[in-house]
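Worksheet: one structure, shown below.
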């Protein structure tokens, strides 16, 4: 039993490292939309609102990807709380900009109503999660803040899934017009479900959560 318990944090660390590496890699690739370097999918660039919203969305979402996973480093929170707060503000602003511009781009997509609904829903829910997370931090309701930020990060990570699924679809010779609308939901819905399952399994008893919040407010 002890060996199993010791492996759980280790597996969590490995998962965090993989997610962080993938996030940084995708963020770096996404910045090309800002500077106009490298190949860009023609049907994405054909978006009715591509300029200036696509570069702005890419910059904001990439910044959120770069910062997001580091917000869950416990040592940073304990030893450098000011750094956590300021990077958290940058992350929140980046998410809000990414969500608003993402909604605009969803409305301008040339890939049909399913893709519009998928990415439009993602944008709205992304904005809601970061809004609640920010508000709970201001209220010093830190357990609730953490829960909402986990949801936010699950949606931010959709950018990574999007690239992975598009690559898989391309390798399987699935037409872009077929894969893209499906991926508009597949990129984020499973993430949010997994986040909710994790939160449900790790949630302390309600009375204990309430006591922690009262202690922190006091």
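Numbers run from 1 along the shown chain.
Each residue, glycine too, has its Cβ placed from N, Cα and C.
Pulled from TrEMBL:
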TRANSMEM  12-34  transmembrane segment
TRANSMEM  54-77  transmembrane segment
TRANSMEM  89-108  transmembrane segment
TRANSMEM  114-134  transmembrane segment
TRANSMEM  154-174  transmembrane segment
TRANSMEM  180-200  transmembrane segment
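If you look at the transmembrane segment (114-134), the same-chain residues 6 or more away from its ends with a CB under 8 A from one of its CBs are 92, 95-96, 98-100, 102-103, 105-107, 144-145, 148-149, 151-152, 155-156, 158, 180-185, 187-188, 192.
Most Cβ pairs under 8 Å to the transmembrane segment (54-77), among the stretches 12-34, 89-108, 180-200, belong to 12-34.
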